[in-house]
Amino acid sequence: MGEFKFQLVTLLKKNSLLKGKSKIKFIGEILAPMIVIGILFGLLYLSAIIQPDFSPRYASGFTEVVGRLKKLLVATNGPLVPYQQTIVNNLRKQIKLAHPDYTNEYIDQCFEIFQDFESMQGYFLDPENYRGVMGGLWFDENDYRYNAPKVLKYSISVDADYTNDNNIQISPRSDSQIYLRHYFTQIQTAVDQAIFMAQNVEIPMVVTGQRFPNPYIHLWQTWTDGRNMILKETGGIFITAAIFVGLFTTITNMVMEKESKILEAMKIMGLHSLPYYVSIAISSCYTIIPSTIIVIVVLKGSQLIWTTQWYILTIILILFSISLILLAFILSKFFNRSKFAGLVCFLIVLIMAGIGIAVNHINVSTTVKLIFCLLSPVAISLANYSMSMKDLELVKIVNPDWSIIVSENQVIGMLILDVVLYAALVWYIDNIISGEFGQSKPFYFFLTKSYWCKKNANENDLVDLSKAIESPLYLRKKDLDYNNSQDFELNEIHSSKATIQIRKLRKEFKTGDGKRVAVDDLSIDMYQDRIHCFLGPNGSGKSTTIGMLTGLITCTRGSALINGLDINQNIDLIRKNIGVVLQQDIIWDNLTVLEHLIFYAQLKGYSNLKEAKTEAKKMGIEVGLELKLHNKAGTLSGGQKRKLCLGIAFIGPNSNILFLDEVSSGLDPLSRSEVQDFIISKKKGKTIILSTHYMDEADLLGDTISIIAHGKLKCNGSPLFLKNRFGVGYLLTITKKSTEFNKDSVMEITNKYIKQAHILSDAGTELSIRLPMESLPMFSQYFKHLEDCKNQLLIDSYGISISTLEEVFLKIGQETLKSTPNFNDPAVKEALSTKSSGVKVGQQLKGLLIKRICTTKKDFKSFMFSIVVPLIILALGLVMYKNMRTIETFNDVTTPLTFSIDDYGDNIYVPWSISGQNQAIDLRIKNSIGKSNHSKLLPADELEDYLTLNYEGNPGAFAFGKTIIEDIEMLSFKVYYNRDYLHALPIYINFVDNLMLSNLGGVGIQTTSRPFQHIKSKFELATEKINFSAIIFFIILTLAAFALVVASHAGNIAQERAARIKRLLYISGLKKYVYWLSNLIWDYVLTFIMVIFLAVVVVIIDSKFRNQFPLFICALVLFVTAIIPLSYLFSYCWSSHGKATGFIFGIHFGIGLLMTVTCFILRIWVIKDDNDILQTITDIIDLVFFFFSPFYCFSKVMVIISNFPGTTRLGESYIANYWGIKFGLPPVCFLALHTLVWTIWIMVLDYYPELRGKYRKGRNEKSSPPPPSDEDSDVSHERSKVLSFETSNDPIIMRDFFKLYKGKGKAKDNLAVYNTSLSIPKGQTFGLLGLNGAGKSTTLGCLSGEVIPSGGEIFVNGFNIQTQRLDALRSVGFCHQYNSLIGLLSAREQIRLYCRIKGIEESKIQETVEAFIKMMDLGSIGNSNVAGYSGGNKRKVALSVAIVGNPSVCFLDEVSAGVDPVVARFMWNVITELKKDKVIILTTHSMLECSAVCDRLTIMKSGKMMCLGSIQHIKDKFGSGYSIDVKFKKEYLLSGINLFQKELPNAKLVDHHDLSASFELPNSLDSPIQLSKIFSIIERNLKPILNDYSVGQTSIDHIFLKLTNLNQQKIKNQQKESIENHIIDINNNNNNNNNNSYLKNHKKTTSNNSILTNNSTTKNFGSSNFLDLESDNTYLNNLKYLEDDDFNIEMPPYQNSLKKSF
């Protein structure tokens, strides 16, 4: 538990740092949920602010309407009978009384009399009449003529839509105020008053109608409409989106950590899955908690959710948030690439929430619904529905069946179950699905004993071979299955512990060609305190073996014990002691170096933060990053990143097993030297497994060397054993002076003295000859002859060494690999000489289109997501558009309805009151109303309170009072009506009038509503055949589908840019517009699948789109052509496919949706309000939206074609011309404009460097800085030649060129390349050497056009790279350091593509491709995707891409970085063969490579050229005779240097690593030293103390070290570290040593040597004297020297205590 807590805290700190470093992203994660909730709240708020009118409105007022505005139609069956005529006349009297100025003739015109209902309705339905009609009065019976019947029946007719549905009595929130608004009650009260007059009952009344006092006076009640229409249905989706949107980045980052191996690297170094997931969950809460709080505050604080308690809602949302986090973990496990992970997971979760909406409405038991709740988004939708229904039930809006509704408590139970289930699934899936990396357990792992009963590591678990010779795990000859067991050094007893024991380890991979064995039954032991080096060709199985040992890869068969624990069963325990450096950097770009080291220090065991910081700083200094501790890792160079990874591996108190996989790959000599020193200094107490391609590094560091090929162990032993076994003597290395060098002449002289001599290799400018050991006595004569004939034989220099590991490797490699390309093959010769026939646009376009076809075909998942998923979304939209039920927005029910209070039941009581101010009237009213059994008299001042409290079940009430109008006192009669009762208002008017007239006049009144047929309004006519919802959903889903597909296309562009594929294509001669044209064409083709599908289906299913097909297809095509280039532009904002796709989709869809919904709302308002001003404003808004979004342009066209309400102009009933200026033409024109603008913009953006270069030429150019005063004479001479135009015909010319990077903010400017003038003639290979940051890559970038120079001129092939970039790069090849290969193409497809890019004739492409495949020995893998190639094979493909087409200039950036010596020599031969007719510029960190292939070179430092010339010239100028490299025997580690300098007094120590040392032996002209004499001294006097040595002219390595200031201070530091780390070991060795004779003979001499005295001009640190000094005082003086000198060494404790005791 303690370890869990500690790892958790450490991870949380790291996560917090990462979030803190990405403030903008973090703010976006916080704002995104707020925006989602803001949209929900906005919709709800709009519904809440539209509240009904609770003020009284006149129900009478007939006389104010009729005549002045409207006519009243009157009809009966036949002519009006007298009594009916009396009623009509009384209506006329009412008008006359109200308007005395009206003439009788005018009043007569206010009425139209008909003799049947049909005639009256026909008049009303006439479009010319209906606007002037108030309504109709129909007398049902005409069998009475003079006397009134007992019940006078009449019907009122108005437009059916001006009444409520006569078939329904009660409907929540429907309201009967409609009868007030459309003159029904005005007619009713006037006719009733006319009947009163006919019966001589004179009671003038003013009737008003008023809704019941608002019972929903509380905040929670004001949301009722929004709750019912929005929250109840879609609330679950909004809540899910708001919370899960914060997990989008979490999922993407998790998958990216898995994809980049960071996660597995952390696990390898001891991280457990549980704290990792818990830390991610807690870190997710940084965004989830605010999101959840916002949701709770909005829902509960605003009282959207009322009935449900705070704590219930909080529990539900907390559980739901936890479940979403766990669900995100589950979903992320199914993605190995971050490409679409975040977006797909987001869509999946939203779909789950959408399923919840459907589950709410299906009529099944709660048990079934609870099963659906196993998906937590479904559960939140059900919970939201239940909570909303409870609130709606309180206001009687719904009457739910609770037996089929899941309750909140049930949801809480299911969410708890979900959390537990999801947590178990995370645990289970994490174990059985490892993804691309890591070990997968069997599906039944939890049933195995080994999983639950872990074995603990202890001392007894370690196999001590000194006591267990017969152990089954002990490696003996009988354990070896190899044919040549003599190639294996078997140590029967070893003093160290066997910490790693590998037995029969095997790994098989499934490939398209069947199974491929990567590691073939490997068995080997590795020991503590030793460095075990894995060597082998690329793809030999080294990294796979390390992967299996660290748990990164699952074993197919076999096993290994690490510290006594089985890797197949106890990998988690093993990892507690492991440190690892993978080939891929396991760092976060936004964390600093110090933050990385602190994090890993704490992760690996330093619980105290202060202690972790101290160790982190110490480690940062030890790996050479003391000046970069506070720099972000993303700003470090490649070498510095490797150093950081090295520090990460070694930091921690328990990192005792170290796996270093090509740790020094790509490092410059300085960095590599520092790394080697560091590894040596840390060896004690550790087992280090190192894989490398540097043989000198393996020789220097390795205690044991294992060489693997094709997964098999070829040999194993100490470096000395392997050299003796495979070297068989000495290696003579001759450097050729020119191409005329004749190796046969050299061999003739050699064989004259040494018969058994033979050529080992002939690569580039180096010839290696094997000299047998027994020929040693002939060396003096042989070298004397060789020296005499040196110039004649065209020998530049030569050196001799005892067999090297490189030789061993080459010898073994020759058995398994091809190391020399067959240049004599006619096909190869033809391929190498095949030149471009001229760049052809059509050919380039063809090549790029084939590339896109191949990558699309091979990346099926991406195709599914980018095309198939959008097609599904599109199909869903079409299905909804076709099948969604049309909802009528008007009432067309004409069924008559007779109003009666009895419709509300026999037990209904009508509350009423009377003011009591006129006793006579009050009495008459009481007598009339009191007769009813339904009435209930209340005090006037209590009525409204009563209605408020008794809202439910009361259809209506009324109150009598008085009012004064124009000094006339009149009876006031107010009807209160309940909103939920559709016809309450006319019913209660009829109820009162009927009772009063029955009591006072003896006649009853029966009023009936007999609606006219509905006359559709403009809006209704516009929507008559339109399905609102269908159109809206169709358009939204269409926008989503196209947004998704173009976002995916943009992701591909972002990926190619980030991988530098686009740059390589441009440098190779691709015309930029062809690149964009090819992408546009292919993306158009893919997108037009959707276009065709949409066009065909929509035309088939919908006549409107069929009729306007030209407009629709034109808009659709232009829409696609506009959004793709716009998406390309957006892609520049992101460097990963996944983030580009997700964010671009969000931008497109979000903006398009927002603008489209705004359009819907505005257009509906325009037509409903019939508002010309609003229409003009909306037109302007349209134009603004057209300008900003092509998505809105297309949605507008769809809106127009679908005849969405408001698309027609006011006053028009249809669209006469869909292409009109107010309709389809503007959006189509804007779409065309978008297409043009965005396409041109991406071109301009890409052509900007050329345009800028042409503009800057001669304008505002910065003057080059003056040449340095101490400039080398050769560099100065070259400058003079270039400036005097003596080299104007050379292919490469740099004239006063420099590059200045401007510092941002307070950062200083960085002059990356100083004033440089250089020319390179044809046929020359030019080497650029220098430390990281010296300016090599910047120089190469400027030469290739990637980087714009700050000043000066650069000419390539005679063209200015700034102003004539395309011409300059027409015949240029580039091999980038980062390969820049297309992973989904095979080697053949890759080379074929660049053949077309470079303009090779189509008829020659196939043979050229096959020739390159043959030359590069790629035949067996030529059809496999490059992504699966080893590093060496990738470099072969990259080199092929660079040289295909026989370019005149080749830039090779670290061409052999990370490849084994066999492949490296292979490449050197290729380069040597190619350079005959071209310029090759090579950057490299390999001095051996430079010596082998370069004709001329420069060493750069701080942007300046420190030297210039051929290798021999630089050796002659900066070298000083001979260089001697030696490797001492272990017992002479400290004394060897002094002993060596004793025999060769003039030898200067140049470099020192552990047992190895490099000396420089000056060779003055006065007394030159012969090579034969040097050999004689070494063989005679120094041989007993040496394991190995080599002698030669001063190497370029030594000169490099000298010119880059790798000087004496470094030597002192190296010696200091050697003393600290080896003094104990050597003392132990010395105690066990019998003092060999050589040491005895020299002891007196060495003891008299002062530690401060040296024959060399440099103060030498006499570490060797520690063993030879005879007195303790001398030893302590040495300690004092160490302490007082400028080394500032922190002495080991035992030394300090010893010193104090004296």
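Even glycines carry a Cβ here, placed using N, Cα and C.
Within the listed segments 964-984, 985-1005, 1447-1467, Swiss-Prot records transmembrane segment for the stretch 985-1005. Sequence-distant contacts of the transmembrane segment (412-432), counting only residues of its own chain at least 6 positions beyond either end whose CB sits under 8 Å from a CB of the stretch, comprise 273, 277, 312, 315-316, 319-320, 322-323, 326-327, 329-330, 333, 370, 373-376, 379, 440-443, 445-446. Of all the binding-site residues listed (LYS542, LYS1336), LYS1336 has the fewest other CB atoms within 10 A of its CB. Each of the binding-site residues ASN538, SER540, SER543, ASN1332, SER1337 was scored by the number of other CB atoms within 10 Å of its CB, and the largest score is that of SER540. Sequence-remote contacts of a segment are chain residues at least 6 beyond its ends whose Cβ falls under 8 Å from one of its Cβ atoms, and for the transmembrane segment (236-256) they are 25, 29-30, 32-33, 36-37, 39-40, 263, 280, 283-284, 287-288, 291-292, 294-295, 317, 320-321, 324-325, 328-329, 331-332, 335-338, 341-343, 345-346, 349-350, 352-354, 356-357, 377, 380-385, 1136, 1138-1139, 1142.
Secondary structure from DSSP puts GLY541 (ATP 1 binding site) in coil. Per-residue pLDDT, averaged along the domain 'ABC transporter 2' (1292-1527), amounts to 84 for this model.
Surrounding the centroid of the Cβ atoms of GLY536, PRO537, ASN538, GLY539, SER540, GLY541, LYS542, SER543, where the record places ATP 1, the chain contributes additional residues within 8 Å, namely THR544, ILE708, ALA709, SER1430, ASP1460. Under 8 Å from some Cβ of the transmembrane segment (340-360) lie the Cβ atoms of residues 233-234, 236-237, 239-241, 244-245, 247-249, 251-252, 255, 324, 327-328, 331-332, 369, 372, 375-382, 385, 861-862, 865, 1048, 1137-1139, 1141-1142, 1145, all in the same chain and six or more residues away from its ends. Cβ packing within 10 Å was compared across the binding-site residues GLY541, GLY1333, and the lowest neighbour count falls to GLY1333. Residues 239-240, 243-244, 247, 250-251, 254, 277, 280-281, 284, 288-289, 291-292, 295-296, 299-300, 305, 344-345, 348-349, 376-377, 379-380, 383, 387, 408-409, 411-412, 415-416, 418-419, 422-423, 425-426, 429 of the same chain lie 6 or more positions beyond the ends of the transmembrane segment (311-331) yet place their CB under 8 Å from a CB of it. Comparing GLY1335 (ATP 2 binding site) with GLY536 (ATP 1 binding site), their Cα atoms are 32 Å apart once rounded.
Sequence-distant contacts of the transmembrane segment (860-880) (same chain, six or more residues past either end, CB-CB distance under 8 Å): 339-340, 344, 1030, 1033-1038, 1040-1042, 1044-1045, 1048-1049, 1086, 1089-1090, 1093-1094, 1097-1098, 1101. SER540 (ATP 1 binding site) and LYS1336 (ATP 2 binding site) are 32 Å apart (CA-CA, integer value).
Classification of GLY1330 (ATP 2 binding site) by DSSP places it within a strand. Residue pair ASN1332 (ATP 2 binding site) / GLY536 (ATP 1 binding site) shows a Cα separation of 27 Å.
In the three-state DSSP scheme, GLY1335 (ATP 2 binding site) is classed as coil.
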